[in-house]
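S.K.: This is the structure I want to talk about, given as structure tokens.
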Amino acid sequence: MEKLNAHFLDAVWGGDLQLTRRLLGEGADVETSNEFGENALRIAAQNGNVECMRLLVQRGAQLDARNEQGVTALHTAAIFKALGCVKFLLDAGANVNVQDLEGVTALHIAVLNEHVDCVKMLLERKANVAARSTEGWTPLHTVAQSGHIDCVKLLLQHGADPNARTQLEDLTSLDVAAEKGHTQCVNLLLQWGAKPSASTLHSAHPDCVQTLLNAGVDASTKDTRGYTVLHSVAEKGDVKCLETILRHEADIHATSSKGETALHIAASRGRLDCVMLLLKKGANVHAKDAAGLTALHCAAQEGHADCVKVLVEKGTKVDTRDSQGFTPLHKACERNHIKCAELLLRHRADKNAVTIHGHTALHRAARGGHFACVKLLIEKGVDIHKRSVLGNCALYLAAQNGHAQCLQILLEHQTNPNVKSKGGWSALHIAAQNGHAECVKLLLSKGADPRAVSAGGMTVLHVASHGGHCECVHILIKKGADVNSKASGGWTPLHRATQSGALQCMQMLLDGGANVNDFTDLHCTALYVAALGGITDAAKLLLLNGADPNIATKGKWTPLHVASQNGHFNCVELLLVKRAIIDIKSASGWTPLHCAAHNNRLAVLKLLLHCGAKLDIKTADGKTALELATLTKHTDCISILSKKKISKVPRKK
């Protein structure tokens, strides 16, 4: 049967009517479809074979049968401009308004194909001119894209609504035609009552703007951004269209919702011709938007040197500041627009001007890694030592962001590589914290102190270790950084690396002579830190390197206490294997078992009991582990402790 059906579809495709008839007589399925989901009727429609379609319908083919996309034979006939097939199907009773899965009708397809005769026929058969696709497009929207005037006329004459809007984009057919620049179509739609809106004018092709203005659309109407049509055209850069709008007395000083004039927009987009025309027509070169930006700021930050040149020559104040204190030079340098920066400096821009945060143009360039601008500013004599409100100089900012090339040239012109920010951090601190090994090497080669200490006692090695930056740690140890230095609270680099679980850094520090049992002011060892955080791999490394599991804090808390308290099963198991004292007491008489019971750490509780933890030990205030579990209503722990026996080695779930 499958072979018979395949031969049947081949016969239909080849237009062999006699063979098609014979195969149907032999039992071929009239509704069978090929691997593409096309049945015989749609194949015949594709080939424009009316007689074959007639035979198929006579033999029971369903007129409106669909493929997986919902396409029928009528859709197919319209797609392939098979007018005879369209007529036959309609005469035979096919649904003229049938829609595919995207809501498309044969009328949508016919107007899209600009097939006037097909459009006429469908309209005569009462095709729905208001039919909408899933995106809300009517046939009139569809033909407005191509601007085929005869099809537009036919649809309007049959009642198409020129003001119907799409669902997703909220467009009318006039919006579509105007955007595509179909002036004749726009005129026709206006004659039939299409109502232009601000969005119609704003999105319109330059060729249609004059038509819409002549139709009475107000040039001062604003879109959702607060743009007038003057803003929109300046954005597109069509100077002829801009002239047209200005002749209609558009307000050249109108502002958007962000306070931008058309001059701001033109300058920001680099529309030089528009900038020149607006200036010629009286645009205010000093106007500021809501953020305090002038057109010169906009041109400089976007790198439009030709616009910068014109604006400066027209008298814009070269050092005008925005609300954050940024000058156009700041804007140019933070985006690495070297030509703009050169132009501004040539017109005597203040190279040392500062923002409200104390940033100079050099700060912005160094922070962004813009070597060309950094070099230019240094050559022009910028104050290289100037600090921001936070006390950061350009050297610090370059190091912070890992810009080695900028750092190199700054070091060549700055004698002190150890200059510090307000927090006492040096450039070496910040480079190491962020893992910028190349910058660390460079700073050390220029005399930066590897033992530099911040206001909080943090050395460069502390911050590199805490960040897990192994290459930086290696470089610093090699350069003589003290592996046992202590920050405030007595924390060593090993404590910091342990806290972060930076195993490779920990090993480097230990290999470099770090004291594995050194402790903080509260007598916390690195092992205590690992146990507290449940960092089992770090704890294992420390124990392998000789860490004592029984060193206690000032409150007599051991690593086993805090691991038990926090339910870190693997750490507890490791510590017990490494001979941590199971019933060791804190200053308040608590054992690890007390900690587990009080905090409902069931798996740890079972493990401790299995390893021999004593049940009858009491805290300083006379509480056993069972009594603590009872007080805190931890029923599972109460149950286990009441039985006083564990039969199996527990496994963490």
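Using the three backbone atoms N, Cα and C, a Cβ is placed for every residue, glycine included.
Pasting the relevant annotations from TrEMBL:
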type: REPEAT; residues: 36-68; note: repeat 'ANK'
type: REPEAT; residues: 69-101; note: repeat 'ANK'
type: REPEAT; residues: 102-134; note: repeat 'ANK'
type: REPEAT; residues: 135-167; note: repeat 'ANK'
type: REPEAT; residues: 169-201; note: repeat 'ANK'
type: REPEAT; residues: 225-257; note: repeat 'ANK'
type: REPEAT; residues: 258-290; note: repeat 'ANK'
type: REPEAT; residues: 357-389; note: repeat 'ANK'
type: REPEAT; residues: 390-422; note: repeat 'ANK'
type: REPEAT; residues: 423-455; note: repeat 'ANK'
type: REPEAT; residues: 456-488; note: repeat 'ANK'
type: REPEAT; residues: 525-554; note: repeat 'ANK'
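Burial and contacts for the listed features, if you can.
M.R.: Long-range contacts of the repeat 'ANK' (36-68) within its own chain (CB-CB distance under 8 A, at least 6 residues past either end) are made by residues 8-9, 12-13, 15, 17, 20-21, 24, 30, 74, 76-77, 79-80, 82, 84-85, 88-89, 92-95, 98, 100.
Counting only same-chain residues 6+ beyond the ends of the repeat 'ANK' (69-101), those with a CB under 8 A from a CB of the stretch are 37, 41-42, 44-50, 53-54, 57, 63, 107, 109-110, 113, 115, 117-118, 121-122, 125-128, 131, 133-134.
Panel annotation: around the repeat 'ANK' (102-134), residues 69-70, 74-75, 77-79, 81, 83, 86-87, 90, 96, 140, 142-143, 146, 148, 150-151, 154-155, 158-161, 164, 167 of the same chain, lying at least six beyond its termini, place a Cβ under 8 Å from a Cβ of the stretch.
Sorting each residue of the repeat 'ANK' (135-167) by its DSSP state yields 17 helix, 0 strand, 16 coil.
Within the same chain, residues 135, 138, 140-141, 143-147, 149, 152-153, 156, 160, 162-163, 207-209, 211-213, 215, 217-219, 221-223, 229, 232 sit at least 6 positions outside the repeat 'ANK' (169-201) and bring their C-beta atoms closer than 8 Å to a C-beta of that stretch.
Applying DSSP to the repeat 'ANK' (225-257) sorts its residues as follows: 17 helix, 0 strand, 16 coil.
Tertiary neighbourhood of the repeat 'ANK' (258-290): same-chain residues 225-228, 230-231, 233-239, 242-243, 246, 252, 296, 298-299, 301-304, 306-307, 310-311, 314-317, 320, 322, selected by CB-CB distance under 8 Å and a gap of 6+ residues from either end.
Note on the repeat 'ANK' (357-389): residues 324-325, 327, 329-330, 332-338, 341-342, 345, 351, 395, 397-398, 400-403, 405-406, 409-410, 413-414, 419 of its chain, located 6 or more positions outside it, place their CB under 8 angstroms from a CB of the stretch.
Under 8 Å from some Cβ of the repeat 'ANK' (390-422) lie the Cβ atoms of residues 357-358, 360, 362-363, 365-371, 374-375, 378, 384, 428, 430-431, 434, 436, 438-439, 442-443, 446-449, 452, 454, all in the same chain and six or more residues away from its ends.
Mean pLDDT across the repeat 'ANK' (423-455) comes to 96 in this model.
Tertiary proximity for the repeat 'ANK' (456-488) is limited to same-chain residues at least six positions away from its ends with a CB under 8 Å from its CB atoms, namely 423-426, 428-429, 431-437, 440-441, 444, 450, 494, 496-497, 499-502, 504-505, 508-509, 512-515, 518, 520.
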S.K.: Can you tell me how the residues of the repeat 'ANK' (69-101) break down into helix, strand and coil by DSSP?
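M.R.: Once the DSSP states are binned, the repeat 'ANK' (69-101) shows 17 helix, 0 strand, 16 coil.
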